[in-house]
Amino acid sequence: GGQPLQNKVQLKGRDLLTLKNFTGEEIKYILWLSADLKFRIKQKGEYLPLLQGKSLGMIFEKRSTRTRLSTETGFALLGGHPCFLTTQDIHLGVNESLKDTARVLSSMTDAVLARVYKQSDLDILAQEASIPIINGLSDLYHPIQILADYLTLQEHYGALKGLTLSWIGDGNNILHSIMMSAAKFGMHLQVATPKGYEPDPSITKLAEQYAKENGTNVSLTNDPLEAARGGNVLITDTWISMGQEEEKKKRLQAFQGYQVTMKTAEVAASDWTFLHCLPRKPEEVDDEVFYSPQSLVFPEAENRKWTIMAVMVSLLTDYSPQLQKPKF
């Protein structure tokens, strides 16, 4: 294949299982499209029925607030029809094989967004389905959350290149998705997790490779203040992910000293901001930081909608953004 015409990134028909499979240019394109849809629909009040006549299957093995709301409202806003299924309606790999489910979904819907326990289930669905499969959160990754985070940071800082992200918390699916993508934007990453709660070693290895290719730094420590030092963006998340409830006591002990407070912010960069994908518990971050002017958590939550809309439009249509490309 030759060079694509004048920076037209073509994502139509692709799956979005992990940002590992996407180049920096491709992720930037989704963010550009997000900014474009947000501007045209929110600022200018346009109606864009880009998904008219399209249906989305939504399969959720775990509960959801923001992913479900942003996807259902966003898909409908673009003229499409979302269908929501819980484990009451469909049990992946239980009532019928994943292969059969994938074929049926392919014949009735135009894309599927699935929130699953096992990333491997998504991989099988994607392999067997003839339609795009989108990861709505798995044990390993949460790519659509990170798109919202990056859009929020782009809006706030005007560009992403050169920012230092400081992760203070659990080595979970959100962190994994940041590790698969931050270096592709020229962002540095400083990670602090308690001993025994580090990110997956194979993902760390890949993140180090990306950092080398892009001339960025990635560091891991067990000291929250070390990770926060000089950081532009302080990021944390729940310490107890869905399915880990019985580990609660053990985890609360392990994460002593990991609460993000103004003490944490003192060692960060002067232009620091705070992100949290929600739902939030006070032990993860105190009210002072969470409700501070530096906290971007509510714009971040709203951007879940514009970014998932952009994902759907890029995977299902030939639409090109009309807004000038933002600086990344």
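Using N, Cα and C of the backbone, Cβ positions are placed for all residues, glycine too.
Annotated carbamoyl phosphate binding in Swiss-Prot involves Ser64, Thr65, Arg66, Thr67, Arg68, Arg115, Arg304 plus, out of the candidates His142, His156, His176, the residue His142.
Swiss-Prot lists Arg115, Asp237, Thr238, Trp239, Ile240, Ser241, His276, Cys277, Leu278, Pro279, Arg304 as binding L-ornithine, and of Asn21, Asn173 the one it places in that same site is Asn173. Apart from Ser64, Thr65, Arg66, Thr67, Arg68, Arg115, His142, Arg304, the residues listed for carbamoyl phosphate, the same chain places the Cβ atoms of Leu69, Ser70, Thr71, Gly136, Leu137 within 8 Å of the centroid of those Cβ atoms. Counting neighbouring Cβ atoms within 10 Å of each of the recorded positions (Lys62, Arg66, His142, Lys205), the lowest count belongs to Lys205. Farthest C-alpha pair in the L-ornithine-binding residues Arg115, Asn173, Asp237, Thr238, Trp239, Ile240, Ser241, His276, Cys277, Leu278, Pro279, Arg304: 21 Å apart. For Lys118 (N6-acetyllysine), the number of other Cβ atoms no farther than 10 Å from its own Cβ, over all displayed protein chains, is 14. Measuring Cα to Cα from Cys277 (L-ornithine binding site), the recorded positions that fall within 10 Å are Arg66, out of Lys62, Arg66, Lys118, Lys212. Between the candidate recorded positions, Ser64, Thr65, Thr67, Ser107, Ser241, the densest Cβ environment within 10 Å is the one around Thr67. Annotated pair Asp237 (L-ornithine binding site) and Lys281 (N6-acetyllysine), C-alpha to C-alpha distance, rounded: 9 Å.
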